Amino acid sequence: MSWDHVWIDVNLATMDPNNSAAYGAITDAAIAVKDGKIAWLGPRKELPDFDVFSMPVYRGRGGWITPGLIDAHTHLVFAGSRANEFEMRLEGASYEDIARAGGGIISTVNACRKAEESELFELGRQRLNALAKEGVTTVEIKSGYGLDTETEVKLLKVARELGRNHHVDVKTTFLGAHAIPPEYKDDVEGYVDLVVNNMLPKVIEQGLADAADVFCENIAFNLAQTEKVLTAAQQAGLDIKLHAEQLSNMGGSALAAKLGAKSVDHIEYLDEDGVKALAASGTCATLLPGAYYFLRETQMPPIELLRKHQVPIVVASDFNPGSSPICSTLLMLNMACTLFRLTPEEALKGITANAAKALGIEEKVGVLAQGMQADFCLWDITTPAQLAYSYGVNPCKDVVKNGVLVHQ
Ligand code: DI6
Ligand code: FE
């Protein structure tokens, strides 16, 4: 056998649904890489003969290999910090006080409008590095802190540039309809027109987005406005997804499902009809425990219903300066289990196989199987549940991206 490299003395959490063991596990296994792909994997005793001197043979010291982690929902390109607002709130200020003082999402928009591309790139690079150190190999990045054409384009350009300059793959999402900018506060329809007729064509023309998203909420865009943006984006060839049912049940999830969205995200207030709509369309349900935690929410997403109707559950960081300033996909595993009562296996599936589905890349990544892209991590753990159980000492030992060992 001629491979590029091979790993032995490892256990595999393949997350492959064709393997019925918990985590799709193969213990005392080996995995071989050739031309960026997984060329062979299985129990070590079945490893075909190969010339040990012709290629690197890595020993995993009994650790576990998982697919590279996928964070399917982040807003990681932004400037400024909202730590002062955090402090103000802990000293008793309300969200409205802060908004009136020019804070909240608009303070991040102001900072992003002012920021140079190079500054946004550097901030994004540091955040991407933090995720990569914990085993993330693919990340989704949204715009949405520009709310004017120039800045939305700038944020997406930076996200694309990050993808070109980092081993982590970046999928970009146009979120022009994230909030209503102050200039349009009395003309939401006018802003939706700007998003559809000005921003979207520019974003498409420059190939800056893979998908589009909207914040469907009573403090943001209503159902009709959401439908307008998502339909236009879909006609322009983008995948669609939605911030839905975070603070109230607006019916956004059912709408997104009807349109064939890849995922609906947050969904704390989703009801059974909404869950059934997701099941019928194969739309993923993305849980964002970081935002639930940071906003001290108490309305739990409908986990039991998602299980009952077999909706693919995704877990993501929602990393952003306002509602989830936590730049760790790995910590989300722990939060998904402690706050939402997912099992560690469900949580891990949510940042691997199901996260790949939410981004439409499940044919390439998200599970360990022959022919898949060789994106995987070696962890210094004795059972996969350890990834969700403990946090703080980073157990990520090695990352292989596209078949190349990138971090040791
Ligand atoms: N939902 C959220 O929780 C964030 N965006 C969204 O659509 C909040 C973003 C922020 O406060 O900056
Ligand atoms: Fe978000």
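Backbone N, Cα and C define each Cβ position, glycine as well.
Within the same chain, residues at least 6 positions away in sequence whose Cβ sits under 8 Å from that of Asp318 (Fe(3+) binding site) are His73, Thr74, His75, Asp265, His266, Leu288, Gly290, Ala291, Ser324. As annotated by TrEMBL, Fe(3+) binding site applies to His73, His75, His243, Asp318.
Positions annotated as Zn(2+) binding site by TrEMBL: His73, His75, His243, Asp318. The secondary structure of His73 (Fe(3+) binding site), as reduced to three states from DSSP, is coil rather than helix or strand.
In the shown protein chains, 27 other C-beta atoms lie within 10 A of the C-beta of Gln246 (4-imidazolone-5-propanoate binding site). Summarising the annotation, TrEMBL assigns 4-imidazolone-5-propanoate binding site to Arg82, Tyr145, His178, Gln246, Ser323.
Remark: Tyr145 (4-imidazolone-5-propanoate binding site) has His75, Val77, Phe78, Ile105, Thr108, Val109, Ala111, Cys112, Thr151, Leu155, His178 as non-local neighbours, by Cβ distance under 8 Å and separation of at least 6 in sequence. Feature annotation from TrEMBL assigns N-formimidoyl-L-glutamate binding site to Tyr145, Asn320, Gly322.
Annotation source TrEMBL lists domain 'Amidohydrolase-related' at 64-405.
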If you count, for each of the binding-site residues His75, Arg82, His243, the other Cβ atoms lying within 10 Å of its Cβ, which residue has the minimum?
Arg82
Close-lying binding-site residues around ligand 1 among Arg82, Tyr145, His243, where CB distance stays under 6 Å:
His243
Measuring Cα to Cα, how many angstrom lie between Asn320 (N-formimidoyl-L-glutamate binding site) and Arg82 (4-imidazolone-5-propanoate binding site)?
10
Additional residues around Fe(3+), ordered along the sequence, whose Cβ is within 8 Å of the centroid of His73, His75, His243, Asp318:
Thr74, Lys142, Asp213, Asp265, His266, Leu288, Ala291, Ala316, Phe319, Asn320, Ser324
Maximum Cα-Cα separation in Å among residues Tyr145, Asn320, Gly322, which the record lists as binding N-formimidoyl-L-glutamate:
11
